[in-house]
Every structure is written in structure tokens, then in C-alpha cells.
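Visitor: Pasting the relevant annotations from Swiss-Prot:
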DOMAIN    3-214  domain 'ABC transporter'
BINDING   Gly35, Pro36, Asn37, Gly38, Ala39, Gly40, Lys41, Thr42  ATP binding site
Amino acid sequence: MQITVSNLKKSYGGSTVLDVESLTFESGKITGIIGPNGAGKTTLLNIISGIDMDFEGDVEYSGSDYSEVKRDITMVFQKGGLLKRSVFENIAYPLKLRGTDKNEIQQTVVELMRHLGIEELSSKKAHKLSGGETQRVALARALAIKPRALLLDEPTASIDPEYMETIEKCIVDYNRKSKATILIITHSMDQARRLCDNIVFLESGRVGEADGFF
């Protein structure tokens, strides 16, 4: 899914926080979004994901609008955003909403838990999880629907290196297997170099030059 942003503007209280004339995220590529705090990175992902619909400009998804592709887009939030339920129930939730067969739900959830090393957490409640556990569950939940576009807001911020490696591997594996378009906000230049095919640099809501990062 190619995602194209045109003449995008977002304001809060009269102040422009995002002003992007033209930006294209290539289909099947992993794109890193970097920049200082307050640069508009999360705002951009919120708009692309459909969370924030109050903006000027256009966002196209391989020539379609959001209403036609919203079931194919999912986002992992910086703090997970899990429901107050068990790990299994969290991962299964989007599949249940879609009316997926119970046997398929069971198989999908078990496979994802195994892939992310969280099988032993199946019955554990979300509020009892560590930061690294929370992010792995959040990623599993996002991947359960097999999205064509996966948006990630600092998915490995402040977690142990071993969990970071597991999450990064899962992201890359999914991209290679599904050819999904993946956008990832990160403050780590090393992570951007490890994972990303392309880099977008945001500063004060505008796209800047990212030369020299690779």
C-alpha cells in the first residue's frame, strides 16, 4: 500500500503543528520517521491511521481514501494501549470484532504469542505486564489482522535490549513476508539504520533533509 500525503496541515489553537506539502511512503518498504520532540511525528501517524480526521489536505492509500482501506491499517502506540483484559483476549480482540472463526482466532493468537515469546503470558492481565511485555502484546495484536500498513510509534522506547531485538525481528519478518508498508517513529539512529529502507526527517512540522543517516 503506497501512502501519499499532499498539502497536509494540522493546527492546534491557531498554531500549525504539521505542514507537509508532499510526502510518499513507498509500498512494501519500512520508513523511519525521526526528529525532535514536538516535530509532529505522532500527529502525522495519527492522521495516516485515521485516528485524527481533523486536518486540511489529502491522504491517499494506493489511490483510495481512508474509508476503503481502514480495515487494512493498524497502529501500535508508544505505551501499548492495551485493554484491561488478558494477553490472549487483547490479541484476539480485533479478530473477534471482524467475526473471525474461533479456531482461526486460537491458531493466530497462539502463533503470534510464540513468535514474540509471550506464550507464558497468555492469561496474565495487561496491567500486570512490564513495558517490554506490553509492547510485544501490542505488536501481536496489531499483526493479528495482517495489516497492509503497520504504523509504530516508538515501539521499543525504554525497554530492555532483548525485547527490542525480538520486536525488531518481528517487524522485519512481517515486512518481508507480507510486503506491508511500515512506518516507525524512532529516536534511535541505530535502529533506523537497522530496520529502515527510507528515512523521513520532521522538524517543526515540516519535512527536512535526512541526508547522512545511512
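All positions are counted from 1 along the displayed chain.
From the backbone N, Cα and C atoms, a Cβ is placed for every residue, glycine too.
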Visitor: Centre the Cβ atoms of Gly35, Pro36, Asn37, Gly38, Ala39, Gly40, Lys41, Thr42, go out 8 Å, and tell me which other residues of that chain have a Cβ in range of the ATP site.
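Guide: In sequence order, the nearby non-listed residues are Leu202, Glu203.
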Visitor: Tell me the Cβ contacts of Ala39 (ATP binding site) under 8 Å, same chain only and six or more apart in sequence, or just say none.
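Guide: Expected: Leu202, Glu203, Ser204, Gly205.
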Visitor: Tell me whether Lys41 (ATP binding site) sits in a helix, a strand or coil according to DSSP.
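Guide: It is helical.
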Visitor: Near Pro36 (ATP binding site), which residues of its chain come within a Cβ-Cβ distance under 8 Å, counting only those 6 or more away in sequence?
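Guide: Correct list: Glu203.
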Visitor: Can you tell which of Asn37, Thr42 has the least company, meaning the fewest other C-beta atoms within 10 angstroms of its C-beta, among these binding-site residues?
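Guide: The binding-site residues Asn37, Thr42 were compared, and Asn37 has the fewest Cβ atoms within 10 Å.
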Visitor: Looking only at Gly35, Gly38, Gly40, which of these binding-site residues has the biggest number of Cβ atoms within 10 Å around its Cβ?
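Guide: Output for this query is Gly40.
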Visitor: Through the lens of DSSP with three states only, how would you label Pro36 (ATP binding site)?
Guide: coil
